[in-house]
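As recorded in TrEMBL:
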COMPBIAS  7-30  compositional bias 'Basic and acidic residues'
COMPBIAS  37-54  compositional bias 'Basic and acidic residues'
COMPBIAS  1447-1481  compositional bias 'Basic and acidic residues'
COMPBIAS  1482-1491  compositional bias 'Acidic residues'
COMPBIAS  1492-1501  compositional bias 'Basic and acidic residues'
COMPBIAS  1502-1512  compositional bias 'Basic residues'
COMPBIAS  1525-1537  compositional bias 'Basic and acidic residues'
COMPBIAS  1584-1604  compositional bias 'Basic and acidic residues'
DOMAIN    84-171  domain 'S1 motif'
DOMAIN    187-275  domain 'S1 motif'
DOMAIN    298-362  domain 'S1 motif'
DOMAIN    471-540  domain 'S1 motif'
DOMAIN    560-629  domain 'S1 motif'
DOMAIN    744-813  domain 'S1 motif'
DOMAIN    1037-1110  domain 'S1 motif'
DOMAIN    1147-1220  domain 'S1 motif'
DOMAIN    1228-1296  domain 'S1 motif'
DOMAIN    1338-1409  domain 'S1 motif'
REGION    1-61  region 'Disordered'
REGION    1010-1029  region 'Disordered'
REGION    1435-1546  region 'Disordered'
REGION    1568-1604  region 'Disordered'
Amino acid sequence: MASTEEDFPRGGIDKKPTESKPVEERREVDNLFQSHDPPETKKRKGASKDDSKTAKKKKTADPVTLNAQAKYVEILHLKNIKEGMLTLACVKEVADFDVVMSLPCGLQGFLQIGNICDAYTKLLSEQLNARKTEEICSLDRIFRPGMVVRCVVLKLDVTKGGSLSIKLSINPKLLNKALRPGMLKSGMMLSGCVESVEDHGYLLDIGVGETKAFLPKQAAKDQHNNPEGIIIYVGNVFLSTVTVEQQIELKVGQNLTCRLDEVKGSGRVVRLSVNPTTLARTFADASHGWNLTNLQPGLLVKAKIKTVTKHGLFLSFLSFSGQVDFLHMEPEQVSTYSVGQEVQACILYIEPTTRLVALSLRSYLLQPGTLMDTTPAAGDRIGEVVEGCKLTSRHNMSGAVLELPDNTRVFVHKNHLKEMEQTSEVDKLLSIPELSCRILNFSTMEQIHFASLRKSVRDKPHFRYEDIQVGEVVGCTVTELLEHGMTVMLSGNLKGMVPKTHLSDILLRNPEKKYREGMKIKCRVLSVEADRKRVTLTRKKAMLESTLPVVSSYREAKPGLVCHGFIVSIKNFGCIVRFYNEIKGLVPLAELSSEPLVNPEEVFYVGQVVKVKVLQCEPEKERLLLSLKAVVEGDTAVEVKAVPQVDLEVGQKCEAKVVKKSAVCLEVAILPEAAPALLPTMHLSDHVSNCPLLWEALQEGDVISDLVCLSKSKENITLTKKPLVKWGLEQGLFAKAFADILVGMNLIGWIKKVMPYGVFVEFPCGIIGLAPKSALCDRFITDTATAYQEGQTVVAMVTTFDEEKQRFLVTLKVSEVTAPEGGGQALLLRGMRERRTVGEMLASRENSGVHQQLLALTVGQKLTLTVDVLEDGATFKSDKLMGVTIAASKHHVIGVTLTMGQKVNAVILHVDFITAHIHVSVLPKLLAKKKSLTAASAHKVMVQHVDKDFTVVAFDNTAHLAVIHATDHVNTVFFETEQVKPGTTLSVSVTDPACDELRGLPLVCVQRDAAQRRQPRPDRHRAKPSESEACAGHAYGEMLKGTVRTVKPTCVLVALADGGTGSVHVSQMVDDVRVGSFPTSLVTVGGEVTARVIGGRDATSQRFLPFSHPNFQYSIPELTLIPSKLDESVVLKPVKPREKLSSFTVGQQITCFVSKYNADRKSLEVSIDPSLTGTVELLDFLKDRKDASHPEKLYKMGQAVSATVIEASSKPYRFSVSLTGLKQLEQGIVTLGTVMNIDPHLGLLVKLPFAATGTVAMTDLTDCYLRDPLKVFSKDQMIRCFLLGNENGKWQLSLRHSRYDGHLQGSQLKINELQVSPEQPLKVKDPEVLSIDALKPGQLIRGYIKSVGEQGVFLRLSGSITGRVLLHKATKYYASHKVMSQHLPASTLLTAKVISIDQKAQLVDLSLLSQDTDKSDILPESLCLPLRLTGEQKEKYEAKKKKRKATLTEDQKDPAKSKKMKMEDKQPEDAKSRADVYFREGEDDENEKEEETPPKADTVVKKKKKTKKAKKGRPDDSDSGVEVSCREEENKSKQGKPDQAGPARLQVAAGFSWDLGLNSLKPAMVDGEARDADSSDGEDQEETDKPQKKSRQQQEQEEKEAEKALVQREAQLMNPSLRPQDAAAFERLLLASPNSSLLWLQYMANHLQATQIEQARSVAERALKTISFREEQEKLNVWVALLNLENMYGTEESLKKVFERAQQFCEPMPVFQQLADIYARSSKIKEAEGLYKTMVKRFRQTKGAWLSYGSFLLQQGQSDAASALLQRALQSLPSKESVELISKFAQLEFQYGDAERGRAMFDKILGTYPKRTDLWSIFIDLMIKHGSQKDVRVLFDRVIHLSVAVKKVKFFFKRYLEYEKKHGTSDSIQTVKEKALEFVEAKGTKAAC
């Protein structure tokens, strides 16, 4: 006791420590410390002599300087921080891998996760290696903001910015490294770490040598002031006491500060305590032996003030000196401190070099365990600029204290009193009345704000992440390039990230070439996450320079707003565009471009900046619909406010006046109405090179004539000046709508867009088609961009079209399209005419002298020039041509010697009017005298100059020049090797020696051999006609003669007289076609025929081409040989295929011709005429099942067949017929079908003819029921069905042979199909039950189990009749419906007896009992279920029970008798309850009110009569229905007669063998004592050898002890927590209970504890194979355990494989939920979220899936995502579940999310359904738990005024009154009573009752 008082003084006179011994001892330690610190002498070795002398003086003075009193008190500066320094710190922020610590005087340090303690580090390593991520104790569970801890400075790092980073550690081995075991004293306080957990306590590592510190468990649990205990996690740090809420046992790695209660063995063994009260009163004492080496921060000391200064206090404590700076003095007591005053202080830090000890007098540090405020009471003011501050005190070496206008004190460090480069001028600051400062941070250790007076700091635009505005352009400095982006530094220490995709407009492969460290750049802020200190920026130029509005929230995205965004994802349905603050929107596929896009990924790329227009925005749902097309159309087109008031149709000519010019179009006004219209630049000419020339020549106000209306819409009118397009419009060669487009039609259009996969061609009226890459040219094209250019005029032919999608394909192959009139010469003349027009227009302008000079020049004209420059050819000048450039290329000066200033003659090759550039040549052969040319003469020419579409050539030996067009066809594609270049030789023929259109130049025709092969040849060679050759073209209805050339089954080819080839379809042979005939066989090869043209066919694609007008020509004419059509007097009118198709009606009989059999689709194709084909499905032409194996042999090509129209539709195109002769499906007929699906519960789903479906019930599969009737069927199997009837569009079918037999006797169908004989009627073992009238009581009938439930077993007797078997009529055993459902799966065949029939209710009651059906019981005996009592046994049992009740009172009076009955009365409680339940189920007919429980078996009842003890009664409350005593059981086991109740008790006892003798129980019951107490009658008999030695009292005592031992053993074996310890024990138990998942899981856990992972997997696989397939829940438990195992110890692949297997063998929904829970528990949030998304997609009709996902999102804090999920769930689930679903989500909001949001959800539901009192009750419960009293009372006031039943209102009044009694006052209680009285008076007697 004295020792305790000495160590922990409790008041009174304080003992003064002796001065001598402790001082000498401490000085000696100081000297020793000095001797071990030699850096000063080493540094001075190379110094001068004077320096050495000074060093020696300093050395002798070292003992004085260590811990000596300083001249003045100053705060801790960053320069004073050294490695190894001990200090107190306060937790400021907790991150994932480190903790931000607040150090004294506003400094900041970092504690990393690996520097907490060795035990915690080791534990983390083991858990990570074992992948036990769900067990990892995170830092936020160890540290809390405001917690004060001891720490040591581990390392000082310099960051890349040059600042100092302080790394800290709290490892006890570093904190206590100066201590040795011999230095430990009782009463000291040290930090320690839990090293291991023992039975009676904990071993702590205190970091002192080999010392073992022990903390008893009792001390850890009972010695806390808080009666509820403490929360302690691995690595927890406590300075003294912890006041928390819940008691948890200490764990390995926990860091504690403890008191040494007892020290043994020279400090090698110590006993610790953590009593918070004791720790709070523990002060450092001199007897503890503290010195400057081992002194610890956080120690409480009693000190005396030595000196009081302005800047702080000097103190003395123990034998040391210390100081307290002004920041750690109590502000209210600053003026009260005096010399000699004794104070309590806390050691703050100890400088390692000078051994300066800093202390604190602040009250919050003198109360160990108190959490300090990390934020001040005034709120977070960091970053705020405050005006009007006053300087109250100045501390030269520390700083100054300011007072803010609100009287708040702030401290300004001396470095922040001035700018970096300025000198300190504190005196000037005192003279300034008001100052401006910026608050930098809040120091938790001093509880004061730190501020700065620097102007540069005040003027910073961004001081915190909260100051950065989204969309702001900021200046940054590049700090580092990473793989995923670039980090930059904003103003101050704010960091930002530029993602890799945002480093430039395109993805940079080598960003280091563009950016370097320290580079100054500008960025735009995309998003700011201030709480996570994340800023995302972009360097995309389009985003930086954008002047469009910034969209940073959905509410800012107003419809019609145009803004910039960037593409983040490209899908097949469109592009997702992101804006600022992660705002995203969708651009649908139709809004991406004005022309259709097949694959958006080929047009757009991720990261691309796009300008979009907002079409629609739903802020509540966070949905944004955007458009790219609307922006482009807005830029390229003029918005017309009103519909143009002009009567102008497509194809009509007009003239217009230029109103405005833009880069892509001319805005014109149609004359004379001045209606606005558009003339695109590309529509000024057929020549792409002439379009910019014409655009340049035109000016605003010019009138353009000869325009044609191209398209007309509500918005605008588009005109064209393209000559070929105008010609097509004038001739009517265009389609006004998509419906007018026909395959084979030739259209003139222009290239709209060039894509890698093809080109989009636009036609008049806005119709757009696609020319695939393969249809661009007759030869293969690698690059579409080199073949065609936008705006180029082309001729296209329609090849295919899709009416549903409004799409069509065209071909641009020259060999397949028609050639425009005039060919290349016409193109040349039009192009040259346009260029001359450009010159004339330019020359007509004012100040156009240069253009007038150029207009007078022509190709071939000779000029006299002066050589000006000789470089890359030659440049000339002319006195007559001023302001123009005259040049000759190298090719045109070869062989000519030129000098500067030389006069030469030159010939003009080309004149460029736009650039005023003249190309000339000085070659002598071009300047020679011209020779005459004659028409039709052939010449060789050489290319001299090439200008895009036009080429200048020179004739050999004639000195003539000519201009030729580059191509002869607008579609011609020249490859790179074919491009003409200067020097290329061509062959030409002269058409006109002097053409006026060419201003006297000859007009020639180029002989292109290669091109000729690519051009369509209208005049083909007729000597050898073939199928691929085309005729010259014939008019519709024209009569032709020819010779039969080829006869095919489906057509006849005729060689016409003009050399062409015609085709005759099989339907065009004769007027009357006989079914089954082959019409083409009527003609023979070589026969002469007369035919008439009815259409055309493409030679290459063999497509039928109907006539659009009389003059349209085709490659192969389609002919007819039908005599009635050959009469010229008969007028043939062309009929379109759609019109003909619409003329057919369903059920109509037609004649068609077989075309071919499609093996892939298993269908037959037939044709009616050349333009119309139909489809016959397999079931619509098969009449015999034998033909299903080879259906292609049933019909031959060209055969005429009779068909019935099933479906005829033109939109969409569908034409189906049937060849079976059936017009429709009718009840009672037999037809073929194919099996679509096999359902074990319903039967077969069958596909029928006429696109119908039907079902076959289990009872209609056969006349003789089979145990597995579906086994003989397979998918796609062909079967014959009898149609029973039609319900809701589905046919009910039957496969019974009896149905076939009855049907066949009255029909002419083949009897061998059914494999039965009509003479021998089919034997029907299980007749059809068509109605309940066919059943009779007592009848035996078979059926299939439909379901098993609480109401009984339901048996399917027919497709429409189901019988019910009550549970007590199903089996002789007591079995629940769950047990029955496990052993009686659906579709099990059973025999039942009809008990009763209720005609009115249409109910049939059945029995499955063996005495009724003469069959064995439906449940096996191996289940060891108890039997039901019947008849005499039940009566005896009831009589015996009454007798027991009668003797109850007597037994209570006689304790001895009742004691003897205890062993007989033992029965598990669960067995009692289970038997009672089954007994009640069996008493439905007897209407018994009293609950009874029968014995387990008949044999048990009989054996009871043999013993008198068994006949004695027992208390009713403990009656279990089993009266077999343990003594009787022991006797029977010794006699070799095992008890029949053994198996049942084995199951209940979880593996205990009741057949063993009680000798095996003795060691466990008596705890090893040598006692021989027996507990059975048999053992009593053994002890009768010495009856005289034992008295009656001894025997009764032994019986009591044996009985007690048996009860204890029985309880142990029934305890589920008792587990075997080895594999042999598990195997023994598994033999008895192989279906117990609990045993299997315990077996797996046993292996896992021994780190035997593979053995645990093998056990799981064994369990899955061993457990019965009926035990679905047991198997699921094993699957879940295996998933957990793979998640912790396996790989992602192994986990995925187990997951997929589990879905196959279990219900998928629970497997998904279990794996998602596993992911969530193991902190795999991303995987869990992905699995939940998959789950709600797959099980969208399951409410549980949505609730699970919603709960997960709310637990993760994603409330908005949970709200969006609720909306999705409401759309997916039936409307009847909406209310319950919203209610569940609202409850989840209260539990995990925002209670206010949950409250709003309930208000909304109850506003719609105010009478749902169940919801009101739930709402009230939640509000009581989570809401305020005011809100609860408001809610009660609402509910008591509901218009519901009076009883329900009374219920709520009772709840209201109970609530007020518990939480309210007497007044509030009286108020409720008054409201209830008012309600009663209002409702009258109805409410009062």
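Here the Cβ of each residue, glycine as well, is placed from N, Cα and C on the backbone.
Since the structure is predicted, the reported quantities are computational estimates derived from the model, not experimental observations.
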Top partner of the domain 'S1 motif' (1037-1110) among 298-362, 471-540, 560-629, 744-813, 1228-1296 - counted as Cβ pairs under 8 Å: 744-813
Arithmetic mean of per-residue pLDDT over the domain 'S1 motif' (1037-1110): 79
The domain 'S1 motif' (744-813): DSSP-derived helix, strand, coil residue counts: 10 helix, 37 strand, 23 coil
The domain 'S1 motif' (84-171): DSSP-derived helix, strand, coil residue counts: 25 helix, 36 strand, 27 coil
The domain 'S1 motif' (471-540) - residue tally per DSSP class, helix then strand then coil: 9 helix, 35 strand, 26 coil
Helix, strand and coil counts within the domain 'S1 motif' (1037-1110) (DSSP): 7 helix, 32 strand, 35 coil
